[in-house]
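> Straight out of TrEMBL:
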- 24-44: transmembrane segment (TRANSMEM)
- 50-357: domain 'Plant heme peroxidase family profile' (DOMAIN)
- C60-C140: disulfide bond (DISULFID)
- R87: site 'Transition state stabilizer' (SITE)
- H91: active site, proton acceptor (ACT_SITE)
- C93-C98: disulfide bond (DISULFID)
- C146-C353: disulfide bond (DISULFID)
- P188: substrate binding site (BINDING)
- H218: heme b binding site (BINDING)
- C225-C258: disulfide bond (DISULFID)
Amino acid sequence: MPIFHISHFLNLNFKIKMGISNKVYGVVMMIVYCGLFVVSYSLFETGETRLTLDYYAKTCPNVLQIVRKEMECAVLSEPRNAALVVRLHFHDCFVQGCDGSVLLDDTITLQGEKKASNNIHSLKGFRIIDRIKNSIESECPGIVSCADILTIAARDAVILVGGPYWDVPLGRKDSTSASYELANTNLPSANEGLLSIISKFLYQGLSVTDMVALSGAHTIGMARCENFRQRIYGDFDATSDPNNPISRSYIEKLRSICPLVGKTGENNITAMDNMTPELFDSSYFQMLMRGEGVLNSDQELYSSLLGIETKALVKKYAADPIAFFQQFSDSMVKLGNITNSDSFVNGEVRKNCRFINT
Ligand code: HEM
Ligand SMILES: *[C@@H]1O[C@H](CO)[C@@H](O)[C@H](O)[C@H]1NC(C)=O
Ligand SMILES: *[C@@H]1O[C@H](CO)[C@@H](O)[C@H](O)[C@H]1NC(C)=O
């Protein structure tokens, strides 16, 4: 973008040149050029982004409708697709910023993020993004980045399962690289301690409040046995009510899905919100208050001795769905605002979300 501005101003200079001497022209040229250099330099330094709501208003006015229509089909045919897309967006943004890096396939020259520990056998939904991208390319070729498509799709996914609406700032560029290493280090995992997870959010510029609200995304979607085995054979009995028959039958069900011995059923799945697994609501937080969170990382928000602040937030969102929706919307905009200055300056609009342009 700064490059575009420089050439724009150079053209302006040629017009100025016609009326003034070469020497004056040279000075004006220096000021304009160097002034712009400073601007683009500070843009690079602070990673400041220029996301705007009307980014595609002129270049692809129907982009929002196209994404919505495709997401409607996807979620109608399979509600879990909403969860897949929301998680994809999260895993994109925590690695190099929201730049579509998570969408890149492994090639001979590029190691993607799909095989990183928290993604492998787990991250799905790539074909949904491919389908949306195809529709958009046929209407406005080369205009809308995959990173923006994923951000809009995640917003629509949330609405389509009953969650809140928010306006989506746009103008991200797609990366020409991915980072397997950062995908391994930046993404939180199910058996990681609360403080470690909090620090990963703080590192991305997200607060404890953002972390708790965004964890509310687990009100939809599924987890695999290998991610909840430690929890259901660990402190589940201690956090939940042993005298409650509903709670007893729930833990028995989880243990039958995910046996302790034999390492079988690794990919058996269960909903993280067993009350309303296909609905975006506050029941995830209510589960945590009953001590029935499926992942260790979920239950720690409420039960960890180190989680005084997180516990208060869980209680608040359990009791007040509107407060949860409001905070979730704000936090999703912040999540989507994590951008990487390199992609911003050197990024592109990929033709195919899985491969960088040649
Ligand atoms: C706070 C730290 C977080 C941890 C430790 C965590 C961990 C996990 C794990 C282990 C799974 C199950 C994956 C599998 O078994 O294959 C999962 C699923 C999911 N996560 Fe998170 N997550 C976190 C935050 C988030 C955030 C911030 C979002 C989005 C805003 C999110 C959205 C989802 C969704 C929608 C699913 C279900 C995906 C599906 O159905 O396949 N998670 N998460
Ligand atoms: C988005 O990020 C930029 C800096 O990168 C910041 O100036 C702006 O306030 C952020 N916007 C939101 C809504 O967080
Ligand atoms: C997967 O879960 C089902 C119950 O939903 C259970 O019958 C089956 O034994 C599990 N698979 C394995 C390999 O344990």
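Note that Cβ sites are derived from N, Cα and C of the backbone, with glycine treated the same way.
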> On the 0 to 100 scale, where does the mean pLDDT of the domain 'Plant heme peroxidase family profile' (50-357) fall?
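Value for the domain 'Plant heme peroxidase family profile' (50-357), mean pLDDT as a whole number: 97.
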> Tell me which residues of the chain lie with their Cβ under 8 angstroms from that of the residue listed as 'substrate binding site', as long as they are six or more apart in sequence?
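When sequence neighbours closer than 6 are ignored, the residue listed as 'substrate binding site' has N118, S196, I197, K200, F201, S297 within Cβ distance under 8 Å.
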> Compared by Cα position, which of the recorded positions C60, C98, H218 is the closest one to H91 (active site, proton acceptor)?
C98
> Tell me whether C225 (disulfide bond) sits in a helix, a strand or coil according to DSSP.
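Its secondary structure by DSSP: helix.
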> On a C-alpha basis, identify the one among C140, C146, H218, C353 that is nearest to C225 (disulfide bond); the candidates are the recorded positions.
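Of all the candidates listed, H218 is nearest in space.
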> How many Å lie between the Cα of C353 (disulfide bond) and the Cα of C258 (disulfide bond)?
35
> Rounded to the nearest Å, what's the C-alpha distance separating C93 (disulfide bond) and C60 (disulfide bond)? Just drop the number here, would you?
23
> Please identify, among the recorded positions C60, R87, C140, the one with the smallest Cα-Cα distance to C258 (disulfide bond).
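Given the candidates C60, R87, C140, the nearest one is R87.
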> Which residues of the same chain, at least 6 positions away in sequence, have a Cβ lying under 8 Å from the Cβ of C98 (disulfide bond)?
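C98 (disulfide bond) has long-range Cβ partners H89, D92, A147, L150, T151, R172, L335, G336, N337, I338, T339.
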> Select, from R87, P188, C258, each of the recorded positions with a Cβ positioned under 6 A from at least one atom of ligand 1; if none does, say none.
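The ones that qualify, in sequence order, are R87, P188.
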> Using Cα coordinates, what distance in whole Å links H218 (heme b binding site) and R87 (site 'Transition state stabilizer')?
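H218 (heme b binding site) and R87 (site 'Transition state stabilizer') have their Cα atoms 9 Å apart.
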> Report, in whole Å, the straight Cα-to-Cα distance of R87 (site 'Transition state stabilizer') from C60 (disulfide bond).
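Distance between the two Cα atoms comes out at 26 Å.
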> What is the separation, in Å, between the Cα atoms of R87 (site 'Transition state stabilizer') and C146 (disulfide bond)?
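The separation of the Cα atoms works out to 15 Å.
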> Among the disulfide-bonded residues C60, C140, C146, C258, C353, which residue has its Cβ surrounded by the fewest other Cβ atoms within 10 Å?
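Counting other Cβ atoms within 10 Å of each of the disulfide-bonded residues C60, C140, C146, C258, C353, the minimum falls on C140.
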